Amino acid sequence: MPRFSNPSKLTRIYHRLVNPPSQSKSISTTPVPTHDHIAHLILEQKTATQALQTFRWASDLPNFAHSQSTYRALIHKLCTFRRFDTVHQVLDEMPGSIGSPPDEDIFVTLVRGLGRAKMIRSVIKVVDLVSKFDETPSLKIYNSILDVLVKEDIDLARKFYREKMMESGVEGDDYTFGILMKGLCLTNRIDEGFKHLAAMKSRRLIPNTVIYNTLLHALCKNGKVGRARSLMNEMLKPNEVTFNILVSAYCREGNVVQALVMLEKSFGNGCVPDVITVTKVIEILCNEGRVTEAVEVLERVKSDGGSVDVVAYNTLIKGFCKKRKAKIAVGYLKEMERKGSLPNVETYNVLISGFCESGMLDSAMDMFQEMKTAGISWNFVTFDTLVNGLCSGGRTNNGFKILELMEESKGGSGGRISPYNHIIYGLYKENRLNEAFEFLSKMGKLFPRAIERSSRILRLCKEGSIEEAKRVHDQMTEEGGIPSALVYSSLIHGFCQKGLIKEAFELMNEMISRGYFPISTTFNSVIIGLCKEGEIGSAMNLLEDLVGRGCLPNVESYNPLVEALCRKGEFQKALFVFLQMVDKGGVPDFCTWNSLVLCLCQEKMWIEDTSIFCEHNLLE
């Protein structure tokens, strides 16, 4: 065997290991190292050669003799570097060196090393290797081989169990059957898993909780939650893992009722679900708007000694923000801090988003500044969320300032265009169209391909080549590009001018799905087009929907409807739209009055019915 090339260096390492710094310098004798010291030293080596050299160096130390533990450390390092030939040499020398053959832990170490190297045939031959030393393979060795085989080929593992174990009179224990059950479930052979369970019972073996949980997990993974629930009833003592599996499965199905029933059963059995399961329950409750119940679950878990982390709190905070209760959500931010769960950037991002959606933009800005005070770095989502909220809320100038901060920060936008599109949307929404076009052209330096496409679409729309403009739009979106509000507005106007109202309507829906709500000049084109086609009901529904989404109509939004209804002689409906316009602050113009008066004349209604003139006087 090779000798260590620098024994003095190893000796210094060894002395530091066995002599604490506080040890008196007056001690002149070298202490006898423990086997743990040498094993640790061997395991620290970076190569197989160094591990061997260390082992041989230790052999020469006065009054030191190797043991099973130091040999095991050496074999582990040799297996790590796939020096299996050397492993066999080391095993052969053990009886002569320490007076006993390798123990079961050494063979288990070898099995695992061969398994990591995917040397499956060699793994099986370890049984014969044990016999070579006139030893009988222990159940621990058999189980370690079985565990490796199961991960590679369940059929090979079962064959090994039948031919090597059972024929040798080794039936196995709970761990053996658990390994086989794991293999069957990993390959989704659930029916065979049930047969395996029945075979255990026929041998008067009581399956342990791990075996049941393995089968339960496989059933739930395959969507057979009901069958898993029935199987749980067979268990003598389900544990936390059992309930985690079933609660999580019901959450994945969206079955909140059964998830809560199982959660309550878990508490009743003295089992507290883990934080991942708890978070899933909180999430499903929050998604259904049942935030109060989510709070109750959180409090119950804490009172029963369970752990709640920042992810669980973030999920709850998100639930409150979705309910437009961002102020209450802030209370849970403070609770997190009191309980020792430090908020992270996602916590603040969720709160900023919640305040923006509730129109509480000053509070969103306060949260943004609080992050800096708390030492939490802003990320792209922080900037993107706040710029979007400010621009959507009519504070585009503030959005510009946040955008500038983003550009100054490390990473900037990271090549993502969305914050810039939010600025364009803010300018569009505030009807600052010239500034929007100017900003779009400046974006060309950062996003040349996207802006070239956008500019091309705008030019084609202006030229009346709407089909070609739509083709460029489709190509842009297929490649992952996000059109700006200006692009959508131009396309919608272009389609309406061509009388292609259906296409304009679809584009407007796409625009809204992006979070860009059209201003009146955009959706008025669609309303006019629908009215021209006689689709007055659709036009009225569209206007009602847009108003409900926060879009602000003007007189030109209502006029086409009033005129179309008057042309059809439906004065009462026209009057209803007229009054709706007045209620929204619109002032009727000459066209509106003209349409209503003509309609009255056609209906031969008496001038004495002065209700409409009273309305006129009120407006004046």
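Cβ coordinates come from backbone N, Cα and C, glycine included.
Note that this is a predicted model, so its numbers are computed, not measured.
These features come from TrEMBL:
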REPEAT    173-207  repeat 'PPR'
REPEAT    208-238  repeat 'PPR'
REPEAT    239-273  repeat 'PPR'
REPEAT    274-308  repeat 'PPR'
REPEAT    309-343  repeat 'PPR'
REPEAT    344-378  repeat 'PPR'
REPEAT    379-409  repeat 'PPR'
REPEAT    484-518  repeat 'PPR'
REPEAT    519-553  repeat 'PPR'
REPEAT    554-588  repeat 'PPR'
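Remote same-chain partners of the repeat 'PPR' (379-409), defined as residues 6 or more beyond its termini with a Cβ less than 8 Å from a stretch Cβ, comprise 345-346, 348-349, 352-353, 355-357, 359, 361, 364-365, 368, 371, 416, 418-420, 422-423, 425-427, 429-430, 432, 515. Averaged over the repeat 'PPR' (208-238), the predicted model reaches a pLDDT of 94. Break the repeat 'PPR' (173-207) down by DSSP state and the numbers are 26 helix, 0 strand, 9 coil. Across the repeat 'PPR' (519-553), DSSP classifies residues as 26 helix, 0 strand, 9 coil.
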